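Engineer: In case it helps, TrEMBL gives these features for our protein:
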{"type": "SIGNAL", "residues": "1-18", "note": "signal peptide"}
{"type": "DOMAIN", "residues": "1-218", "note": "domain 'G-protein coupled receptors family 1 profile'"}
{"type": "TRANSMEM", "residues": "44-60", "note": "transmembrane segment"}
{"type": "TRANSMEM", "residues": "107-124", "note": "transmembrane segment"}
{"type": "TRANSMEM", "residues": "159-180", "note": "transmembrane segment"}
{"type": "TRANSMEM", "residues": "192-213", "note": "transmembrane segment"}
Amino acid sequence: MTESNCALFASMLMIVLATTERFLKTFDGNAISFCRKFLERNRYLVSAFCIVLACGYKYVTYYELDVVHNEQCSGFDEYEIVAGEYARNPTYRFYFMFLLRNTLDRILPFVILLTMNILIVRAVKGEERRKLQKESVVSNGKAVSSKTHRRNVKDATRALISLVSIYLLSQSLQVFLTVWETINRSSLEDGFPIIYSYLNDIVSIFTLLASCLRFPIYFCCNRLIHTASIDTLHGMHLACCLENSKKPQEYSPIHGLPNSLECGGPLGSPDSCSKPSAIYDEKLQEWRL
């Protein structure tokens, strides 16, 4: 549980970091330019810092859970997961597990991602309106029609709506259960034990689903990622096909003639030479002299 929490929080930090870099590339300014160059030059260092920060922040999860061995029970009921030493502290449970964790893990990242994506889309739309005054624009030395910019705005908007919706769906149930557990956990465990168990499983499934759907969203909404992915898969398929087609055709040519032809006599006769004949190696599956 601790390892999975560290991985999930680190993944969220990396998404915020990538969105921040995209945001800094959209706008101009001395401070923005400085921050952008810093992130570009120190990607490995900043990424490592995010991972270390996630591990340090989520390490306390190990002490929030405990496993109890019920010797009088057998089968599935033999072991039970209960609140650990930290989770039994009401102050820690309310301020850290409820307030800080919901704010830092769910609310704040959502607000940051939503705000940056809205600003990015607005900036792209403003750029499009300026470019519409001309018949075409010049980007990196190539003429690009205004239709391309409208398509980019549409793709960015679709990606924003999809990512925000998936994030909301994956986190809303978790926030709802957390609030209920903090207010009156006994009513949830005693009144709806089966539903509570299923809801906890659904929360985990929603989190995994949200992570799995990020790449398909970018694949469908971002044409550069779409094209690069298709080219990569095509190259992998082509490499595999070429490798498989070459295997039965690869062989070692036999240089020279067999003894019976080279020396003018049958094998084993006095006229035959002492040079060895070609031998088929079963392990290497090829002829060798």
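The backbone N, Cα and C atoms fix where each Cβ goes, glycine too.
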Engineer: Against the transmembrane segment (192-213), which of these stretches has the most C-beta pairs under 8 Å: 44-60, 107-124, 159-180?
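Structural biologist: Answer, by Cβ pair count: 159-180.
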Engineer: If you average the pLDDT over the domain 'G-protein coupled receptors family 1 profile' (1-218), what number do you get?
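Structural biologist: Mean pLDDT, the domain 'G-protein coupled receptors family 1 profile' (1-218): 80.
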